[in-house]
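Report on one structure; see the data block that follows.
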């Protein structure tokens, strides 16, 4: 559970940082009267949907931290044979990185108010993300055909479950991104569209970061870290 | 997971809440059934939770009938008994308490108490309820599935949960349970995002965090905890589904089932326990923190006195929430662990007693020299304090490894957790319903029926659970469907068991009176008016009672003071509403 505790520590740090600005030491019983100006414990200027997205990402982060925690508690048991990493995964990773970069590009263009390049960038992000998902399915097929099926070995089970969960999150993001793209192509950019693009970009960067961590985990580069965690716990 | 943003990204919240566009229902269906109004959703949540809670109550009756009068009822065999235990526990903890506190009270009170027109994402809020209803239906479908519901115990420990020896293990029971939990968690996440973001971004002008009523602090903190804790249950449920359906070995060790070596092997049941309790312990406080918050407001309002140590109360809520994430393994002492871990978890467990004790002292000090009105909400609040202290004290025993190990599998534990997280939060729920029912319906609940309900429930709960501690100390095991001929169990213990069962039936019957009161008072209750308890918080200052769609009239309230201005010297009344600038009365200044 050490990974989850690390994640919680990060969340706790964010909460403490936020609470430190909320005047939690004020004496409300002495402060009668209207506190109009923002700052002193009032709402943040960030749009509510964006805060909602950040909170949602915290939930998603908790979910993957728990999967990784479970992985690290199970890894290295006598019945564990590591699953080989299909070379296709490198290509998929590249696709996801391109997708994330395209989202960043779309976001920059949206902020500058240039509609056409933004639309192109959105399409590029959408296409590469779909390629990523297709690639993941092909990687699964490659593995199953090589005899690494789900239930044979815990390493395989974890690989399929965790990549599947990540794929589902990308799929959910694709729905939002698809709607945003359709909106971008059907009407001139508005404030709400720019916000949508911004939110999609945040989500895309987050899912890329999750994927890179998972990839490192499956490729075995995280083994040293895993050993460290296990030593901490024994 | 469901993507929340897609439906919410249309509306950019303006800098002032005044401009938020509400969804206006166009037909009866969108007004009362597929409603996006948090107040309707709250009532839907509460009614669904109560309905499934009644099922769990009946299950507890059946269990008590078996324990009190073993062998009398032929239809309760060992399998059925385990199914009753499992469903009773799971329904009460998740589908009743969590759903009622966060989905019910959270939805109703958050927008009203912080001065918002509605939740920030009304559409996701509606989906949250419908997913919850679906989860409840899937859970209840277990009763009608072949093989019946799962009998794995509410903790669903593998490997037994998915083996054929356990009722529902190889049938539909465990599958329906796991699917239902997954649906509940997805639905809750949608609702939870709403509660958190509404508290953060929906507050009226002047409503700083430190002016929020403690009810909101409790629900807010509990929601943040639930959002971080429920994923652990989600992960455990998904992995167990794979073990059960697709033959993976996440949790399944090498095992011989019915004389046959299973394919699976090498899995870790302890891993499941870690995941389960990483959710399961915060869950205790997910239920307790809203109760703490609500009870603070009930006591302050009905003792006509400001809450003692408001800042301390807020900090204690936050600290309890944080600590509750690092105590989970105290549920696993009997699973065996490194003694250093046992020491660590025992220490963190006992440290939680400090902020909790601060809260109890502050409640008592709020009462001290207050103008205590023994109204029904106050009676329930007082009963809560006593019960919570009782249950908390036995928690101090059980938090220690050496005491927990011998007591863990006895009735002592059953008595402990029913006192602290069963009876205590339920008492707060009752108090809160007596308190806010006038706002929801415009009428008071009947006082006489309420008094009977209170005294039977309060005294009855003690007559059930106090003797149970004694049974536990005798060594009477929990989870056993009958005790049989056992040398260390005296005859008197059987008599006591029968007595407990009679009391359980009585207390259960009192709840039916309560439900009747809820329906009866809807039409026949005394007219309440807008603010029958003369309370300060914003929900009592709405222009209409019950509050109309959009909660406030043309203008949102502006908050000038904290939520506890009771009996202020020099004020015209003994309470000053949060949205009132001056002291009121003849000296009242123009509210400009």
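Here the Cβ of each residue, glycine as well, is placed from N, Cα and C on the backbone.
Whatever TrEMBL says is automated annotation, not expert-curated.
The transmembrane segment annotation in TrEMBL falls on one of the ranges B:341-364, B:533-556, B:557-580, namely B:341-364. From the options B:40-62, B:247-269, the stretch TrEMBL describes as transmembrane segment is B:40-62. Same-chain residues lying 6 or more positions outside the transmembrane segment (B:172-193) and placing a CB less than 8 Å from one of its CB atoms are 1-2, 4, 83, 86, 90, 94-95, 98, 102-103, 106-107, 121, 124-125, 127-132, 134-136, 138-139, 141-142, 145-152, 156, 161-162, 166, 223, 226-227, 230-231, 233-234, 237-238, 240-241, 244-245. If one looks beyond the transmembrane segment (B:376-399) by at least 6 residues along the same chain, the residues whose Cβ comes under 8 Å of a Cβ in the stretch are 291, 295, 298-299, 301-303, 330, 346, 349-350, 353, 356, 360, 363-364, 367, 407-408, 412-413, 415-421, 423-424, 427-428, 430-432, 434-435, 445, 447, 450-451, 454, 458, 461-462, 469, 533. Remark: the transmembrane segment (B:496-520) contacts the transmembrane segment (B:40-62), by the rule of 3 or more CB pairs under 8 A.
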